[in-house]
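J.: Copying in the features that Swiss-Prot gives for the protein in this structure:
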| type | residues | note |
| --- | --- | --- |
| DOMAIN | 9-271 | domain 'Protein kinase' |
| BINDING | V15, G16, H17, G18, A19, F20, A21, V22, V23, K39 | ATP binding site |
| ACT_SITE | D131 | active site, proton acceptor |
| REGION | 319-348 | region 'Disordered' |
| COMPBIAS | 335-348 | compositional bias 'Low complexity' |
| REGION | 418-460 | region 'Disordered' |
| COMPBIAS | 418-428 | compositional bias 'Polar residues' |
| MOD_RES | S430 | phosphoserine |
| REGION | 491-522 | region 'Disordered' |
| COMPBIAS | 504-521 | compositional bias 'Polar residues' |
| REGION | 540-588 | region 'Disordered' |
| REGION | 656-695 | region 'Disordered' |
| COMPBIAS | 659-679 | compositional bias 'Polar residues' |
| MOD_RES | S771 | phosphoserine |
| MOD_RES | S780 | phosphoserine |
| REGION | 812-1036 | region 'CTD-like region' |
Amino acid sequence: MEVVGDFEYSKRDLVGHGAFAVVFRGRHRQKTDWEVAIKSINKKNLSKSQILLGKEIKILKELQHENIVALYDVQELPNSVFLVMEYCNGGDLADYLQAKGTLSEDTIRVFLHQIAAAMRILHSKGIIHRDLKPQNILLSYANRRKSSVSGIRIKIADFGFARYLHSNMMAATLCGSPMYMAPEVIMSQHYDAKADLWSIGTVIYQCLVGKPPFQANSPQDLRMFYEKNRSLMPSIPRETSPYLANLLLGLLQRNQKDRMDFEAFFSHPFLEQGPVKKSCPVPVPMYSGSVSGSSCGSSPSCRFASPPSLPDMQHIQEENLSSPPLGPPNYLQVSKDSASTSSKNSSCDTDDFVLVPHNISSDHSCDMPVGTAGRRASNEFLVCGGQCQPTVSPHSETAPIPVPTQIRNYQRIEQNLTSTASSGTNVHGSPRSAVVRRSNTSPMGFLRPGSCSPVPADTAQTVGRRLSTGSSRPYSPSPLVGTIPEQFSQCCCGHPQGHDSRSRNSSGSPVPQAQSPQSLLSGARLQSAPTLTDIYQNKQKLRKQHSDPVCPSHTGAGYSYSPQPSRPGSLGTSPTKHLGSSPRSSDWFFKTPLPTIIGSPTKTTAPFKIPKTQASSNLLALVTRHGPAEEQSKDGNEPRECAHCLLVQGSERQRAEQQSKAVFGRSVSTGKLSDQQGKTPICRHQGSTDSLNTERPMDIAPAGACGGVLAPPAGTAASSKAVLFTVGSPPHSAAAPTCTHMFLRTRTTSVGPSNSGGSLCAMSGRVCVGSPPGPGFGSSPPGAEAAPSLRYVPYGASPPSLEGLITFEAPELPEETLMEREHTDTLRHLNVMLMFTECVLDLTAMRGGNPELCTSAVSLYQIQESVVVDQISQLSKDWGRVEQLVLYMKAAQLLAASLHLAKAQIKSGKLSPSTAVKQVVKNLNERYKFCITMCKKLTEKLNRFFSDKQRFIDEINSVTAEKLIYNCAVEMVQSAALDEMFQQTEDIVYRYHKAALLLEGLSRILQDPADIENVHKYKCSIERRLSALCHSTATV
């Protein structure tokens, strides 16, 4: 801590600095809570400003006012002069405007009152400030923390340019800030105290508009502007009040004689009037089709109104919600009670805000049993997607008004609701009634307190289409997943299966257990997790899901919207959903109303569905066909739904298509799934307790893996195929599961390292195609190794053969994706330097000469027994080694600098030790060691050369690595251009790229700006040529 009299400060607590001084924040040595600002002025600067400093000290001692910064002490040390002044904890007005942008008229009036009070003191003592600007107007909060505007104290500071200027006196010194200088000051004319009034006018204008009234690029341009324009008229916004506009026009007069004087300024009506009277908020008089963007700016006081405080708004809401209306109100009229209530509770800060009547609120609702008398048409209800249905309050008489962008969807919704209401009765024959319930559930699906009460069963309506009015996507009906009534049975492998679910028809309404069809093929059963809303069995449920699941519907009349009585329930698919577009792949496999409990035997799984897109068609085309083994139910001949797999045999295609209709319903937008190239079988383990984070694939295999209970027909075992979808790392074994209903949920966010079995994909997705491990797929024992015939083909390309195992693996996310920018920039720089040094090392190897070429040259020279030829050959070799040594030394220097940079960045925490960083640092270290080794070897070989060839010392000193690299790059480009001219275009692109990389690295190590500019121009020309080559190649 630095000591200044009774005060102390730390040089780290820098507040700001000016042209002559530096300001620190300090405190009293005994009273540590007394904060001060210590202004340090170096005596070296006092030669020209000593007089100004004396004036500032004298003026500050004389001025004692709450709106002027106080001077506590003056201390003179051998090298500096310290002024201990009052500390303002709110910063300056410039910072305040930077944060707020503009200020309201009420705030401007509060600030201007205090500025005027300070100017009154200055004017009474004949002092002109001459440097009034936002940076010299400080803000201080009384409670040492930011509060409302009324708690801000304005203080004028920095009287370094102030001087005594009594009446009838003029000054001619040019000082201050140009944008806030009066025109007479910047034009070097005589001026008086009215110059401060101009500065105050510019400050007020900036508070109102956000920028000074007159600006220019330089003081000279501003001076020329003032000289050319005899009359100046600032652009004042239209919504400005008349008093403030008059004040600004009076202060911003170019001619000081026409400018407002101090007495008129102190007694101006804008300062004398109170705050703008706030009007009570009024309800909206009518519905508006659109809101104008300038509606707020058209009101003079709308711009300056602040939002109501939270306690006031809570008080308004409590009183408005305490007395609900008895009858349906007319929204175009306002009752006297509501107007009086709002006027009582309206705050002065709620000007130009509109309070919507409480009967529109969606937070409170009451359920109304809809009978024959109170039933309305279904198009009067606004349907919202959610866990529960919106409840119609008894006072919502008006029809909902759709959003303009959703008119088509809304019309489609009305038609669907109308057709639904008139489509007939439910299973029991009770008429359908239109009850739509407002959502009372939390985002996780739990009921909120005060939830809607149950509706009688005879009035409950079954709405079979999932509707959404808040999305711009096309409407797509999607029924809920049908499940099987609660039963306990044994699967084909002997594993017990427990179920706690209700069977629902395609419209989502509960179906009595006695009338629920038992449509299963393999005896497997779908499960449903119990939800808290199951206690209301007669309530309609609307769920908003990312992708609509496939609904295995039941055959029979009354269970679907299709006009054909024998067709199963409708299957909705959204045409805008694309394969892979969902943010989570697990959303395709699992759709549950509540989060799935790990290890629970009642986890809900919706059948897997691939949307109808081009990508999905390609995926379905990869799935082969198998013949199903039928298993009749005990109570009828209708086939059971197969939750495990759908096996289609080529010779029995027609029979399989007929059976598939019982499993997959007709899609509204895509047609029959049986018309596709194949079916997607699904296998699921209902009793699995594996963790959700386990990286295991989803194996889809025929039932033969369970011991032949559902074995395929004869002759099909050898040709059976399966599809394996994997994300992340593969398992250790490629063996099929031991149970037909085993379904292992994959982790879709796995980006970790692979296990000992190796990763199928490192950085990009690819497809693994191979043959099954044995003639009977799934017959290999657990722990068996993967099939040796697996092979990889590029992801997205058609595999050469559909024989065997097909694996789709998504690309893993690189670690650097989630890193900070400093990490990625440093890593990019390290990679560039690594590639650059590798290119330099290639050039260095070329400089040394090829050993084969040297051998051929020796054999050639052996014919000519000439001593001169031997000397020239030896000299060229030694000279090449000199160039090699220089290049190796430069490469070692660059590699060492890169390694030091990486070490420093890792220590500072800016560079994370990721896999990519470790790899590049390892490569840099290896190259560095290699360069050091080569430097040692070349130095030993060149010792004799350096000792014998002293006359070449000057030439050797002129050899620089930068020059060698530049010449090599130029030669490389020239040779590539020459080859291009002769149509020898084999590797010219590679050479161009290498030359551009050399120049890029060279621009990073050069120091001379001219050299850097030349290298940059050369590199740009190479890049243009590369671009032209790529364009011509693409055209061909």
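We count from 1, first residue shown onward.
Cβ atoms are placed via backbone N, Cα and C, with glycine included.
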J.: Around A21 (ATP binding site), how many other CB atoms lie within 10 A of its CB?
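T.: Neighbour count, Cβ to Cβ under the 10 Å cut-off: 22.
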J.: What whole-number Å value do you get for the CA-CA distance of D131 (active site, proton acceptor) and H17 (ATP binding site)?
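T.: Computed Cα spacing between D131 (active site, proton acceptor) and H17 (ATP binding site) is 15 Å.
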J.: According to DSSP, which kind of secondary structure is A21 (ATP binding site) found in, if we only use helix, strand and coil?
T.: coil
J.: With a 10 Å radius around each C-beta, find which of these binding-site residues (V15, V23) has the fewest other C-beta atoms nearby.
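T.: With the binding-site residues V15, V23, fewest surrounding Cβ atoms within 10 Å: V15.
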J.: Quick one: mean pLDDT on the domain 'Protein kinase' (9-271)?
T.: 84
J.: Taking the recorded positions one at a time (H17, D131), which has its Cβ surrounded by the most other Cβ atoms within 10 Å?
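T.: The residue with the most neighbouring Cβ atoms within 10 Å is D131.
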J.: Does DSSP give V15 (ATP binding site) helix, strand or coil?
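T.: For V15 (ATP binding site) - judged by DSSP and reduced to three states - the answer is strand.
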